[in-house]
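Enquirer: Found this in Swiss-Prot, in case it helps:
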| type | residues | note |
| --- | --- | --- |
| COMPBIAS | 517-527 | compositional bias 'Low complexity' |
| CROSSLNK | LYS266 | SUMO cross-link |
| DOMAIN | 79-132 | domain 'bHLH' |
| MOD_RES | SER17 | phosphoserine |
| MOD_RES | THR21 | phosphothreonine |
| MOD_RES | SER85 | phosphoserine |
| MOD_RES | SER97 | phosphoserine |
| MOD_RES | LYS544 | N6-acetyllysine |
| MOTIF | 149-159 | motif 'Nuclear export signal 1' |
| MOTIF | 367-375 | motif 'Nuclear export signal 2' |
Amino acid sequence: MADQRMDISSTISDFMSPGPTDLLSGSLGTSGVDCNRKRKGSATDYQLDDFAFEESMDTDKDDPHGRLEYAEHQGRIKNAREAHSQIEKRRRDKMNSFIDELASLVPTCNAMSRKLDKLTVLRMAVQHMKTLRGATNPYTEANYKPTFLSDDELKHLILRAADGFLFVVGCDRGKILFVSESVFKILNYSQNDLIGQSLFDYLHPKDIAKVKEQLSSSDTAPRERLIDAKTGLPVKTDITPGPSRLCSGARRSFFCRMKCNRPSVKVEDKDFASTCSKKKDRKSFCTIHSTGYLKSWPPTKMGLDEDNEPDNEGCNLSCLVAIGRLHSHMVPQPANGEIRVKSMEYVSRHAIDGKFVFVDQRATAILAYLPQELLGTSCYEYFHQDDIGHLAECHRQVLQTREKITTNCYKFKIKDGSFITLRSRWFSFMNPWTKEVEYIVSTNTVVLANVLEGGDPTFPQLTAPPHSMDSMLPSGEGGPKRTHPTVPGIPGGTRAGAGKIGRMIAEEIMEIHRIRGSSPSSCGSSPLNITSTPPPDASSPGGKKILNGGTPDIPSTGLLPGQAQETPGYPYSDSSSILGENPHIGIDMIDNDQGSSSPSNDEAAMAVIMSLLEADAGLGGPVDFSDLPWPL
């Protein structure tokens, strides 16, 4: 019994001993301190195998073995922090090295006198990548020069091979910085006459905008001022000379007209001094094909002392280095033998009145005209007068039908005044929404002499023979035959004022469209594809006025004599129709510009229009709506 009491008391004393309580409270206190320390900003919680070293170290502080482990734990934390800082330092160093390497690859960063910040380097790198535009394998100019040739020898070889002249033009002001001596053979100007002058003074006025466009957008050296992101001040540059790099975005090739210095005409008669002075001062132009690159040099390297302004400090001098060659148009030569070569052709687009609205660049090699010389002019101004009648008929057909029209061979005047033989395929483009013809597309092919003699099966000839201009212009009864006026300075062969023909044909077709525009049957078809309609009844008011008043003044349909019943697409196909009494073409209005109509003719024309409205639209009586597909 006594032994049992002693065991119970010992058990109670062991249970009531403070050791476990202190251990529990110490553990809770340690964990609380550890949590507070983590909340205050401890960067990292280092744990191994999900066991907190701090808890174990705080628990066994009094134990020597525990103190040793605590010291080792603190050392590990310190080493981990140092390793983390070393990793961050290595990362920053690597990023800085990449930024420096990127700055060395960008040409604009190399020109800076001071070290740029990272944001400026990245912005310049993005700007440089945009200028490359996907160019691959950029090359340096030094790689293209053989080692055994000097610069002067290479220049002479290039000029001899190109058969032109070398010139350097500043992109900012168009100043001629250098030109080779061979320019005298082409432009008849000496080297000293051109160096230092503005290129724009020797260009045709219509080509100045085109050349300025070619000189602008310098891809090699942007002209804008660079701002430092830290200080906000402009960055000053110290340009270091190096091999300039060429890219596809800096390549230039264009045509322009330049003045040719002709020998002055000596005028001895004082009475004609005012008229001859204009001819003496007038300089002829020749077409120059310029091919080269946009490059940049330091202003000090070019030896220019005038660009010492503060704005120009730190900017490269952008220049156009090009070879200018005289561009002579290609005159087709008769082919010898039966060698088949690809025919020369160009594409042009015309308004409905025949004016050029687009010309392919290939036309320059065939016609010697630049595209801007032809734009806005009528094609009838270049047609030979013997072919105008046939081409006018083709013009009507292409406006009234959707089919392709192939013309016969005709003569087209080129720039030197001679004529070249062409054959064209015309088709009209009709707007699907407005149902109106917007423009005419013409594919013009040069016809060689042997093809013209033997005939070409690929180009079928039209059945209607070409009509000359004289056969289309009515002459007075018993009067003399019309003579074609000649214009001083313009070679013969074309007709003065022929550009009005296309406008008259367009107005004629539009007038027919207006007459037929209110007919319900024409709503689903093309407005220019007009179907035949019987003539108005003589019992109608319009018909009585027509019978009493004669033929109304309505634009002619353009039918040639004897073709009234063969050509479809006109309002009246019967020879006794209203328009059949005036079948000839109205080109004689070119010489008569009065064009005024009398009141009686206006009333007769209005009567015809009203009669057509009554006959086609049913305005003269009640209308039956039972045939409509929708309920009313």
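Each Cβ is built from the backbone N, Cα and C atoms, and glycine gets one as well.
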Enquirer: Counting every protein chain present, what is the number of Cβ atoms, excluding its own, within 10 Å of the Cβ of SER85 (phosphoserine)?
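Expert: SER85 (phosphoserine): 10 neighbouring Cβ atoms within 10 Å.
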Enquirer: In the motif 'Nuclear export signal 1' (149-159), how many residues does DSSP call helix, how many strand, and how many coil?
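Expert: Within the motif 'Nuclear export signal 1' (149-159) the tally stands at 9 helix, 0 strand, 2 coil.
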Enquirer: Summarise the domain 'bHLH' (79-132) by DSSP state, stating how many residues are helix, strand and coil.
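Expert: Its residues fall into 46 helix, 1 strand, 7 coil.
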Enquirer: What count of other C-beta atoms do you get within 10 angstroms of the C-beta of SER97 (phosphoserine), across all chains shown?
Expert: 10
Enquirer: Within the motif 'Nuclear export signal 2' (367-375), how many residues are helix, strand or coil going by DSSP?
Expert: 5 helix, 0 strand, 4 coil
